[in-house]
Amino acid sequence: MNIILLGPPGAGKGTQAKILQDRYGVAQIATGDMLRAEVKAGTELGRAAKAVMESGALVSDEIIIGMLRNRLSQPDCRNGFILDGFPRTVPQAEALDTMLAEQKFDLDAVILLKVDEAVLVERISGRFTCAHCGAGYHDKFHPTGVPGVCDKCGSHDFVRRPDDKAEVVKDRLVAYNAQTAPILPYYEQKGRLHVVDGMAAMDQVTAEIEGALRRAGVAAPATA
C-alpha cells in the first residue's frame, strides 16, 4: 500500500494517515517531520536543508526528494507508505515519480480529501493546545470538559498558533489552491486520483478512503 494523501490545510490528512498507519502497519511520512528529523540528526541532507532555511530560502525539491529516498529505505516502509501532503506541485510530483521508479516502488493511489473552505477556516481557527502538556482541543468540535481547564493535566494555560488565525488560514488556502490545484489533473490523467468527502465524520472518512483503495485494487498489507 503506497499512497499519497492530499488536501488543503485542516482537511484531516494527518489524522487519516495516522489511522491507516496504525491499522495497516504502513509508514506515515509527513515531509515537515522528516525535514526536522534530518536537521536534528545532522545528516548531510539535514545540514544542507538547515543552511538553506537559515538563509531564509525554501528547501529545494532535490533535497526533499533525497530525504524521501532515504526515508523509504527504512524498515518501517516495508509494508508501504502514506505520504501526507506531498507533493504540492507538478515538478515535485514528477520528481517523486522518477525517484519511486528508481527505487522500485509503485504508487498505488492518490487520495484527495475534499472539504468546504468555510469549514476548513472554522476547523483550523478554532484549534488550541494546552501550554503545559500539549493536549489539543477545539472551540467547537473538541472543547475541554471544564471550561478553561485541560482535561489531561489540569492546566489553565492554553496557546493558539499564530498561523491558525482565520485571516492567515484564508491566505494559506489561497496559496494552496494556486500551487497545488495543477497536480490534481496530473494524477487524474494517470488514473490514480480518488476524491473522498473530507467533511464526513472521522470514521466515515476512513471508510471512504478504504473503499477508494479497494476500488483502485490496492490490497491492504498483512499485519503481524
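Sequential numbering from 1, following the chain as shown.
Note that Cβ sites are derived from N, Cα and C of the backbone, with glycine treated the same way.
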Residue from ARG88, ARG127 that Swiss-Prot also lists as binding ATP with GLY10, ALA11, GLY12, LYS13, GLY14, THR15, ALA200: ARG127
Integer average pLDDT (0 to 100) for the region 'LID' (126-164): 95
Entry from the binding-site residues list LYS13, ARG88, ARG127, ARG161 having the most other CB atoms no farther than 10 A: LYS13
Longest CA-CA distance among GLY10, ALA11, GLY12, LYS13, GLY14, THR15, ARG127, ALA200, per record bound to ATP, angstrom: 19
For the region 'NMP' (30-59), the number of residues DSSP places in helix, strand and coil: 22 helix, 1 strand, 7 coil
